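*Asks:* From TrEMBL, for reference:
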| type | residues | note |
| --- | --- | --- |
| DOMAIN | 89-224 | domain 'N-acetyltransferase' |
């Protein structure tokens, strides 16, 4: 880690970097500047690039240190100055994930299970810790989801999918409701989800069920 200081010696920013062992690529793990000062950001970014040298560089390509640290990327909406300066330093996005949040765990229009529909199996999973929900259809799976436990009051909807032959029957809505119910029983107060930036279908589905966009996580690379 390298720190930036002002004339009085106070720390005004820091950057963490390393070199990846298996291919020699340079990694900028995170960069923080007080009040998002563009001068401090530029100085730290320039120092990181000079220190790592003329090699392929990756920035924010690993999960941040936070409760939901499973998806890499810089939250560009909250750090737009840093995002602009990365682009100005020849870094280009190579991965984008949208971060959505359901704050009020009362989804509208609770979908009921019809009498002829199979129940949902719930099993515990490890590494990472959570639960798998599965709606069976014969010997196969009609729909499945994974809800991960988090150390705070936020549950993470890690995966939700409906088999092609069972779509447009309300099964996704039912399964999402059951995921939220499960989160509530585990004392969660909100549910977070990450989806691909270009997954318009899932984006519309989640927003229709009360999820709101929080930010977009972007990972960057720079070629020598």
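Glycine is treated like the rest: Cβ placed from N, Cα and C.
Bear in mind that TrEMBL entries carry predicted annotations, made automatically and left uncurated.
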*Asks:* Using DSSP, break the domain 'N-acetyltransferase' (89-224) down into helix, strand and coil residues and give each count.
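*Replies:* The domain 'N-acetyltransferase' (89-224) comes out at 27 helix, 61 strand, 48 coil.
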*Asks:* Quick one: mean pLDDT on the domain 'N-acetyltransferase' (89-224)?
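*Replies:* Here the predicted model's pLDDT, averaged over the domain 'N-acetyltransferase' (89-224), is 85.
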